[in-house]
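K.L.:
So Swiss-Prot says this about it:
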| type | residues | note |
| --- | --- | --- |
| ACT_SITE | Cys332 | active site, nucleophile |
| BINDING | Arg208, Lys223, Pro224, Ser225, Glu226, Gly276, Ser277, Thr278, Ala279, Val280, Gly281 | NAD(+) binding site |
| BINDING | Arg208, Arg326, Cys332, Ser489 | substrate binding site |
| DISULFID | Cys332-Cys334 | disulfide bond |
| TRANSIT | 1-35 | transit peptide |
Amino acid sequence: MAMAMAMRRAAALGARHILAASSTSSSGVLLRRHMSVDAGAAMEKVRAAGLLRTQGLIGGKWVDAYDGKTIEVQNPATGETLANVSCMGSKETSDAIASAHSTFYSWSKLTANERSKALRKWHDLIISHKEELALLMTLEQGKPMKEALVEVTYGASFIEYFAEEAKRIYGDIIPPTLSDRRLLVLKQPVGVVGAVTPWNFPLAMITRKVGPALACGCTVVVKPSEFTPLTALAAADLALQAGIPAGAINVVMGNAPEIGDALLQSTQVRKITFTGSTAVGKKLMAGSANTVKKVSLELGGNAPCIVFDDADIDVAIKGSLAAKFRNSGQTCVCANRILVQEGIYEKFASAFIKAVQSLKVGNGLEESTSQGPLINEAAVQKVEKFINDATSKGANIMLGGKRHSLGMSFYEPTVVGNVSNDMLLFREEVFGPVAPLVPFKTEEDAIRMANDTNAGLAAYIFTKSIPRSWRVSEALEYGLVGVNEGIISTEVAPFGGVKQSGLGREGSKYGMDEYLELKYICMGNLN
């Protein structure tokens, strides 16, 4: 019940609203008219490729919701309805779980090489449909097309990587304590996995979970965000085309509370993997306790970006800009607080503002766009709440600070100065295009300020000093640290946080362990 209430609140918060002001402004009307033409052509291209799916996937079959209900998938830039997809609930989820459970035994018995070949084919199909997937992603999520293309490649990289790692799931032989014994450790797939994924990276967050799960021999029930199900469904369609068997991947979307509760209550689901808010992650963790499921959680962040006075300013500007404004600030590893040493604060602020001014806000389908809309009206209202809180406590708006003239859920790239630790911008994740600048005096002050949070996902530091880079990296209470770099995620490195930013790791060889169980075998009386 608590889980259902939490997910209902999250769904209510994320409800899409169309701004009355934008519907009456001439610029808003022109924007929607222009984007409608682009969106129509893009959707037709996706449809022609056979990748526009609106039904759920259960046991290899595309099925409607059992009660016939649907939900709208909207373009966040225009409010237009892109498609109506099946609104599924507990019954459909239970059937998806049953399908995954029955398929698990045959899929897990395949050789690692056989699973690897199927995954490799899936990777190749994703790459061959790179443009269509990117178009779909831009339409339903809003990110610029160039970022969407990068995400397709990034998402596919997990499939490729884990296709190879499938053949490297090694056990152990332990030296015995008695001469007539042999001690072995096997690694075996955990079973059916429930994967709950977010809207900000609608492809990569699926492949980062489903790739290792399938490589290990697990089967999966995916619950994508109701805001971005089309990308997930297209990816699942390509998985079927690649020869991944019916039932190995199932996709259900719609009624988040019902789907979540069905996954948690099922004894056949042996693992939950989730990327999303800390609040919902805590509910999933608590709900998993009743059936003692294995849990992986990649939760919210509050990333500090520390710029020391010995940093290369150009490198720091470029890295901070990338760390902050990618996907319009809607990533869990976004620089949420930019801490700048007092000696270079004014110089950095001036150069940073100039760089932010160069960001082009607009239609994600246009080549020149570098900043798309926020996902919905609720996201804009959250940003406004944080800005109002900061200015009421003494912060000053150095750039932006208001809704964009394009209307809808567009927000101006914003820089806020003199932010202090009593402000929401310092304490919580804004998840929008707002860069708070915070001055600090010493290295010790920077470390203390950076660690003054319950979150611990990503952190960034900019310095020319190698000793300082080691000291600060080791002192920061974060799972990921970028040194003189603002984009650090890769399929070959472990991704995950500490403290209340999550449990477990995704990507890399360490990500495989999240989907495996250890089995110890003692063979006796061998003399």
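The backbone N, Cα and C atoms fix where each Cβ goes, and this holds for glycine too.
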K.L.:
Of the recorded positions listed here (Arg326, Cys332, Cys334, Ser489), which is spatially closest to Glu226 (NAD(+) binding site) when Cα positions are compared?
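P.N.:
If we rank Arg326, Cys332, Cys334, Ser489 by Cα distance to Glu226 (NAD(+) binding site), first place goes to Cys332.
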K.L.:
Closest to Arg326 (substrate binding site): which of the recorded positions Arg208, Gly281, Cys334, going by Cα position?
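P.N.:
Answer for the nearest of the recorded positions: Cys334.
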K.L.:
Please report how many Å separate the Cα atom of Pro224 (NAD(+) binding site) from that of Cys332 (active site, nucleophile), as a whole number.
P.N.:
17
K.L.:
Of Arg208, Arg326, the binding-site residues given in the record, which has the fewest other CB atoms within 10 A of its CB?
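P.N.:
Among the binding-site residues Arg208, Arg326, the lowest count of other Cβ atoms within 10 Å belongs to Arg326.
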K.L.:
Out of Cys332, Cys334, Ser489, point to the one nearest Ala279 (NAD(+) binding site) in space (Cα versus Cα); all of them are recorded positions in the record.
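P.N.:
Nearest listed residue in space: Cys332.
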K.L.:
Of the binding-site residues Arg208, Ser277, Gly281, which one has its Cα closest to the Cα of Cys332 (active site, nucleophile)?
P.N.:
Ser277
K.L.:
Give me the long-range Cβ neighbours of Cys334 (disulfide bond): same chain, 6+ apart, Cβ under 8 Å, in sequence order.
P.N.:
Gly301, Ala303, Ala323, Lys324, Arg326, Asn327, Glu429, Phe431
K.L.:
For NAD(+), with binders Arg208, Lys223, Pro224, Ser225, Glu226, Gly276, Ser277, Thr278, Ala279, Val280, Gly281, what's the maximum Cα separation in whole Å?
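P.N.:
It comes out at 22 Å between the most distant Cα atoms.
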K.L.:
Mind giving me a neighbour count for Ser277 (NAD(+) binding site)? Other Cβ atoms within 10 Å of its Cβ, every protein chain shown.
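P.N.:
Around the Cβ of Ser277 (NAD(+) binding site), 18 other Cβ atoms lie within 10 Å.
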K.L.:
Tell me, by DSSP, whether Arg326 (substrate binding site) is helix, strand or coil?
P.N.:
helix
K.L.:
For Arg208 (NAD(+) binding site) and Ser489 (substrate binding site), what Cα-Cα distance in Å is obtained after rounding to a whole number?
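P.N.:
With the alpha carbons as reference points, the distance is 11 Å.
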